[in-house]
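> Mind looking over this structure? Questions follow.
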Ligand SMILES: C[S@@+](CC[C@H](N)C(=O)[O-])C[C@H]1O[C@@H](n2cnc3c(N)ncnc32)[C@H](O)[C@@H]1O
């Protein structure tokens, strides 16, 4: 559908209808919508905030509205419009209530059927919400309370409490609703001090990351439009995610396998460390390997990268045993460490997924570990904090592969004396991340 000349709120509402009613992914839907508009950058930012904020706070917003909705909402657009307007009323201080009501009224008339009275329903509910203010469940039912307050499904709140206790679970949940940091990793081929100065000149007010000397935290977005980014002096990468590759001890001439490589954030990081080596980057989805090649080209390491579409669970059919000096398995996972950046993960994932993913993760490790030479290093990483996908995978892999053992490592400014590093989202306000390093017993 052509969206030209639509307002930011109309674009956001159309996108939200697709996400909430048709189950589309927020980033894909939003990019598609924005591509066919002529909105200014400020309006695009506003539409983006409306979409992500509404999805992020859906449980909270549903709770605010549930007692105020006295009639069946028959038309599809009504619920998304109520949620989006509720988000603005509650979370966007700079938008006056009157503007939210007026715009909701206009949108209801635009999106409603002919002679629809939807605008009256919307107006009544939003006015009641303004009068009443926000509400929360009683604190004595902590799971329900935190689920609503932090807009997170109950199973996930229970999961966090059972693994890390009530206090830490509360802290993790609060942290995942904070805005994600803008972080960049400086290429090993660039000079970090020069990049730091250029970032300062460009008004990005860089600060050094607590986790890694290669990573800077920026005060704002938009770095992808800079020459620094385009020339490959830096790339956008989370500070915790940047640590996985630094768990390896590189010499510089290694033959490396990156078993699950797309979009290539870690492939380029490996390639930067091996001037006379090569990294073979696999991914099960051939179309995603284009991104790996694009990234490697931009970061000036394409001559050290070879991409191959392959299911890593079959890698031992294509490569010789002991062919690789280093293997990275940055495994497909539930992404529960990325809740801050990808708001709908909390709604799309379910407890059963964790064990299913564990099987895939173990299978990948089983097949690629045959390809490591005897003095090689195998790093397993995930962007989840679920123990099923992290510590349990390590435990089961070691049970089934007695020649392997965990190896202590240093990653950035952190140390993992027992060979495993778990970063929870509230530890450093980074993504939640897990890294384990294996070597063969001598
Ligand atoms: C966590 S992402 C990897 C991120 C990447 N390492 C980076 O740093 O940019 C996991 C990747 O594994 C791929 N994948 C999933 N199952 C796979 C399999 N059986 N074999 C190879 N790749 C797989 C997915 O397509 C996805 O691109």
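The backbone N, Cα and C atoms fix where each Cβ goes, and this holds for glycine too.
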> Look at the S-adenosyl-L-methionine binding annotation in TrEMBL, where 260, 261, 262, 263, 264, 265, 266, 311, 330 are given, and name the residue from 238, 249, 283 listed for that site too.
283
> Restricting to the record's S-adenosyl-L-methionine-binding residues (260, 261, 262, 263, 264, 265, 266, 283, 311, 330), give me the longest CA-CA distance in Å as a whole number.
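Between the outermost Cα atoms of 260, 261, 262, 263, 264, 265, 266, 283, 311, 330, the distance is 19 Å.
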> Near the Cβ of residue 262 (S-adenosyl-L-methionine binding site), how many other Cβ atoms are there if near means within 10 Å?
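A 10 Å sphere around the Cβ of residue 262 (S-adenosyl-L-methionine binding site) contains 24 other Cβ atoms.
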> Between residue 383 (active site, nucleophile) and residue 260 (S-adenosyl-L-methionine binding site), how far is it from one CA atom to the other, in Å?
13
> Please classify the secondary structure at residue 266 (S-adenosyl-L-methionine binding site) using three-state DSSP.
helix
